[in-house]
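Lifted from Swiss-Prot, the feature list:
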BINDING   TYR244  O2 binding site
BINDING   HIS368, ASP369  Mg(2+) binding site
BINDING   HIS376  heme a3 binding site
TOPO_DOM  1-11  topological domain 'Mitochondrial matrix'
TOPO_DOM  87-94  topological domain 'Mitochondrial matrix'
TOPO_DOM  118-140  topological domain 'Mitochondrial intermembrane'
TOPO_DOM  171-182  topological domain 'Mitochondrial matrix'
TOPO_DOM  213-227  topological domain 'Mitochondrial intermembrane'
TOPO_DOM  262-269  topological domain 'Mitochondrial matrix'
TOPO_DOM  287-298  topological domain 'Mitochondrial intermembrane'
TOPO_DOM  328-335  topological domain 'Mitochondrial matrix'
TOPO_DOM  358-370  topological domain 'Mitochondrial intermembrane'
TOPO_DOM  401-406  topological domain 'Mitochondrial matrix'
TOPO_DOM  434-446  topological domain 'Mitochondrial intermembrane'
TOPO_DOM  479-516  topological domain 'Mitochondrial matrix'
TRANSMEM  12-40  transmembrane segment
TRANSMEM  51-86  transmembrane segment
TRANSMEM  95-117  transmembrane segment
TRANSMEM  141-170  transmembrane segment
TRANSMEM  183-212  transmembrane segment
TRANSMEM  228-261  transmembrane segment
TRANSMEM  270-286  transmembrane segment
TRANSMEM  299-327  transmembrane segment
TRANSMEM  336-357  transmembrane segment
TRANSMEM  371-400  transmembrane segment
TRANSMEM  407-433  transmembrane segment
TRANSMEM  447-478  transmembrane segment
Amino acid sequence: MAITRWFFSTNHKDIGTLYLVFGAWAGMVGTALSLLIRAELNQPGALLGDDQIYNVIVTAHAFVMIFFMVMPILIGGFGNWLVPLMIGAPHMAFPRMNNMSFWLLPPSFLLLLASSGVEAGAGTGWTVYPPLAGNLAHAGASVDLTIFSLHLAGVSSILGAINFITTTINMKPPALSQYQTPLFVWAVLITAVLLLLSLPVLAAGITMLLTDRNLNTTFFDPAGGGDPILYQHLFWFFGHPEVYILILPGFGIISHVVAYYAGKKEPFGYMGMVWAMMAIGLLGFIVWAHHMFTVGMDVDTRAYFTSATMIIAIPTGVKVFSWLATLHGGTIKWDTPMLWALGFIFLFTVGGLTGIVLSNSSLDIVLHDTYYVVAHFHYVLSMGAVFAIMAGFVHWFPLFTGFSLHDTWTKIHFGVMFIGVNLTFFPQHFLGLAGMPRRYSDYPDAYTLWNTVSSIGSLISLVAVIIFLFILWEAFASKRQVMSVELTMTNVEWLHGCPPPYHTFEEPAFVQVRSN
């Protein structure tokens, strides 16, 4: 196995594997950072000794989990592996650009780690708001390195997005209409469009911040006629679509897993599912200022952003009820991926409900920057995106490797993880309602109980991560071959066996469309 196979690969399966391995590794780093946060907050008083270090850890935790764990795994890993197989394409539209998209990520990660190592690190929060991110509050190269890291990750995602859009539209067999492609393909396509439209705005915002810091421009400095609120608008115009970028591929995975383990040929309401994802993608761009209810916007502006945000709950509800309808009347197989998918549906819905609470601008004035917000987005990310990743991984692991995971251990892993994340994040709702603010390393002792509970939960989640590593080792050590796969006619990615040959669909796929 020559090293060139991995460095110079143009094979969508190899690049998908690279993304999965990189994402898993980054996930370990992000988990370690989150445990440092929970260790600091386990009891009142200082552990790390310095608020700047604490904020650097919080910032790095967010960036690592978002840009180097969730996105590479969901879009780069599952997307690269499955999209060509699902539409019958021999490879991605731009195979060498695909390779570059991946290899931009390790240098980007390196720059992010470097930013923590120089000066005092970037303790700005993942939003990197000026004036805290300006050259007075953050003198030195830390924030600049973080900005360059984001630029690289952004370029990687934009190139990947171009590739996925071109592939899904252009590389299908002529007889296959876009409305006959699987839902995961749709999810990745819509995600790619969101990336393509939102990332350039982030690039503009952080480039302006870079020049404010180094070239004496005043885009965000009132002294020169600038406005720090402009940065917030630019950042959140990217930042809100970004959270839908993180969850949409997860929606696609859950649709596949639920239909498969309910024994159904297709998910309930295919067209409704597609339109719901389109609606979520569109609405995601016109609600960004709900992150800014406390900056002093007009009451009519707040009213608009409140109602627009609530509208997103409608297509999201369409998806949740369609998943439940897919389950209805099916012969349910209680395999591990199904457990993850059911956990996803329940916990994502809980996270969505707290989101509806926060969409009310009047309530958000009180809850903004408290742990209620932290609890909300960790329910949709730590139990939405991560549960979707686990569902997809356990479901498609036999396809990726040709080996099967240990049934009992994966169920134990699910149980431990389920308890861990809920114990970690459910108490944070109480802390938020009691007024505990985010991004502080210490707190009044009235908040001790729920912080301690939360930190114990994080240790349980750590045990789950270690169990997962053991499960991976066990699967590769035992080498249990995959016997047979059911429902291959409606799950075309499995048609070539486990694992599929290095090159699939070298000759164009023959597609017959049955109208029934």
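Numbering starts at 1 and runs along the chain as displayed.
Note that Cβ sites are derived from N, Cα and C of the backbone, with glycine treated the same way.
Positions of the features from Swiss-Prot, shown on the structure.
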residue: TYR244; record: O2 binding site; Cβ within 10 Å: 22
residue: HIS368; record: Mg(2+) binding site; Cβ within 10 Å: 20
residue: ASP369; record: Mg(2+) binding site; Cβ within 10 Å: 15
residue: HIS376; record: heme a3 binding site; Cβ within 10 Å: 24
Handout entry: Result, the transmembrane segment (270-286) in contact with the transmembrane segment (371-400) (3+ CB pairs under 8 Å)
Key = no
Exercise for the section: Please work out the helix, strand and coil residue numbers for the topological domain 'Mitochondrial matrix' (401-406) from the DSSP assignment. Expected result: 1 helix, 1 strand, 4 coil
Fill in the blank from the handout: Taking the transmembrane segment (183-212) as reference, the highest number of CB pairs under 8 angstroms among 51-86, 228-261, 299-327 goes to 228-261
Exercise for the section: May I ask you to check whether the transmembrane segment (228-261) and the transmembrane segment (51-86) make contact, with contact taken as at least three Cβ pairs under 8 Å and only pairs 6 or more apart in sequence counted? Expected result: yes
Fill in the blank from the handout: Ranking 95-117, 141-170, 270-286, 336-357, 447-478 by Cβ pairs under 8 Å to the transmembrane segment (299-327) puts first 270-286
Fill in the blank from the handout: Here the binding-site residues are HIS368, ASP369, HIS376, and the Cα closest to that of the residue listed as 'O2 binding site' is found at HIS376
Problem - For the transmembrane segment (141-170), sequence-distant contacts whose Cβ falls under 8 Å of one of its Cβ atoms, 6 or more beyond its ends - result: 59, 63, 67-68, 71, 75-76, 79, 83-84, 87, 89, 92-94, 97-98, 100-102, 104-105, 107-109, 111-112, 114-116, 118-122, 124, 128, 133, 178, 181, 185, 188-189, 191-193, 195-196, 199-200, 202-203, 206-207, 209-210, 213-214
Exercise for the section: In three-state terms from DSSP, label ASP369 (Mg(2+) binding site) for me. Expected result: coil
Exercise for the section: Taking only the Cα atoms, work out how far ASP369 (Mg(2+) binding site) lies from the residue listed as 'heme a3 binding site', in Å, as a whole number. Expected result: 11
Handout entry: Spatial separation of HIS376 (heme a3 binding site) from HIS368 (Mg(2+) binding site) - C-alpha basis, Å
Key = 11
Handout entry: Per-state residue totals over the topological domain 'Mitochondrial matrix' (262-269) - DSSP helix, strand, coil
Key = 0 helix, 0 strand, 8 coil
